[in-house]
Amino acid sequence: MAAPTLTTDGPRLGQQEMKKMSPSFHPTLWGDFFLSYEAPTEAQEAEMRQRAEVLREEVRNMIKGSHDVPEIVDLIITLQRLNLDYHYEDEINEKLAVVYNSNYDGGNLDLVSRRFYLLRKCGYHVSSDVFLNFKDQYGNFIEVDTRSLLSLYNAAYLRIHGETVLDEAISFTTRCLQDRLEHLESPIAEEVSSALDTPLFRRVGTLEMKDYIPIYEKDAKQNKSILEFAKLNFNLLQLLYSSELKECTTWWKELRVESNLSFVRDRIVEVYFWMSGGCYDPQYSHSRIILTKIVAFITILDDTLDSHANSYESMQLAEAVERWDESAVSLLPEYMKDFYMYLLKTFSSFENELGPDKSYRVFYLKEAVKELVREYTKEIKWRDEDYVPKTLKEHLKVSLISIGGTLVLCSAFVGMGDVVTKKIMEWVMSDAELVKSFGIFVRLSNDIVSTKREQREKHCVSTVQCYMKQHELTMDEACEQIKELTEDSWKFMIEQGLALKEYPIIVPRTVLEFARTVDYMYKEADKYTVSHTIKDMLTSLYVKPVLM
């Protein structure tokens, strides 16, 4: 469906309406910081890389030399949590096959839970019936040690629909761990506290890497080579991330947001963190940069159409995006022109960077942006007509696209290497069930934390308000029930990811990685809009190296 056709020969009905009052977002917390950030000298970095390479081979030999299933499971989970696993994909895949073909369904709940967690996380469809062995004659879970409870708790969050035993395991372990928490000592106390806040499976990989290093350092069973390698790897990744932040900040500064688009959230560092959480391994540098630029554009579009432009200007912008041509700039009010031209210029640069063999991917990216803006215009119509969709299903027909989930996934795959094919790009754009479940999860998570804030201004009705009207609930009641729907979305995403066998594992893995970043950014507050809440975390991730 094309955007409404406009002309430039004067105002039409609605053009003279007063410009909306934009909400006041706090200014950037970072400014030019990463433009002048001083990295270690080349000699220092070379020394770090040389030592890291020695340690990398030591750890590789540990993996190859591991034979017992308990040893293999513990080692791989440790490497995953420290973000070292990407160094050893082939070796780990060989060991996963050993673990999968083993028969561990008996007495050791800790091992059974960790084996289940590891295999399901890595795409193996293992049965949850194994946990029935740990119930008594009345169907209740048997009380066990805290470490086993924690392992069961983390395993249970990889549940899919119909796995009642895992639903029950979450209720049981949550209650037990909460009761025991105040009596625990370090380091398991920190582990339990972190898990109760965010189960292991749902944690953002870069944050888990940062947070787990000090916990692993306190572990009596820690391996000194693994620990040293984890610290060096973190610091080397920090150098890479900081250089990418410098590139993204330079690109963002050229748009002169503070003068041309002062009503927009100036959050380029926060965007980078959010998007890099979905593909944080070093080989995905191009994806991270493309993602950061795309979501910066989404932010501009969202803040312009939702909070600043009047309805006529919004339709002008929608028409220009639909045309995707420099000549369409004549449609736009003055304050939109530079942004629009920069949008076209940036997409042209994507095509040049990808080269003749991969530039076809940018076509899908353009189509995803156009689709996003089309759905924005439908929401603007809802807002202007004070229309409330009758059901959540009706709302989601529009809003699961307008939240940008499809565009984010498309952006991630555009920048990846040869593993991404035309078939994968078409799958992302085809309304696939996994993509749809992800979009619903993003939309509901966003609306739970943003609805109350947005009531201060006239906004399109959210899924929360729609659900309130549909089921005659208060806002708090609706939010609680929608939280249950987000849990349902997790089950769908895991289920659909396990079933997606015709594509490389990186496809479902990327979707789930982005779900983790969404979960973090919208847990309890909108950390993107109110980014003071994550300033210290970002400093520890991108500025302060880990002490060796």
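Every residue, even glycine, has its Cβ placed from backbone N, Cα and C.
Keep in mind the model is a prediction, meaning the values are calculated, not measured.
Per Swiss-Prot, the features are as follows:
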type    : residues                       : note
BINDING : Asp302, Asp306                 : Mg(2+) 2 binding site
BINDING : Asp302, Asp306, Arg443, Asn446 : substrate binding site
BINDING : Asp302, Asp306                 : Mg(2+) 1 binding site
BINDING : Asn446, Ser450, Glu454         : Mg(2+) 3 binding site
MOTIF   : 302-306                        : motif 'DDXXD motif'
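Features recorded in Swiss-Prot, as mapped to the structure shown.
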residue: Asp302; record: Mg(2+) 2 binding site; contacts (Cβ under 8 Å, 6+ apart): Tyr376
residue: Arg443; record: substrate binding site; contacts (Cβ under 8 Å, 6+ apart): Leu396, Ser399, Leu400, Ile403, Gly405, Thr463
residue: Asn446; record: substrate binding site; contacts (Cβ under 8 Å, 6+ apart): Ile403, Val518, Tyr522, Asp526
residue: Ser450; record: Mg(2+) 3 binding site; contacts (Cβ under 8 Å, 6+ apart): Ser462, Asp526, Thr529
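Within 8 Å of the centroid defined by the CB atoms of Asp302, Asp306, Arg443, Asn446, the record's substrate site, lie the Cβ atoms of Ser399, Ser402, Ile403, Gly404, Asp447, Ser450, excluding the listed residues themselves. If you draw a 10 Å sphere around the CB of Asp306 (Mg(2+) 2 binding site), it holds 22 other CB atoms from the protein chains shown. Confidence over the motif 'DDXXD motif' (302-306), given as mean pLDDT on the 0 to 100 scale, stands at 93.
The binding residues for substrate are recorded as Asp302, Asp306, Arg443, Asn446; their greatest pairwise CA distance is 15 Å. Taken through DSSP, the motif 'DDXXD motif' (302-306) splits into 5 helix, 0 strand, 0 coil.
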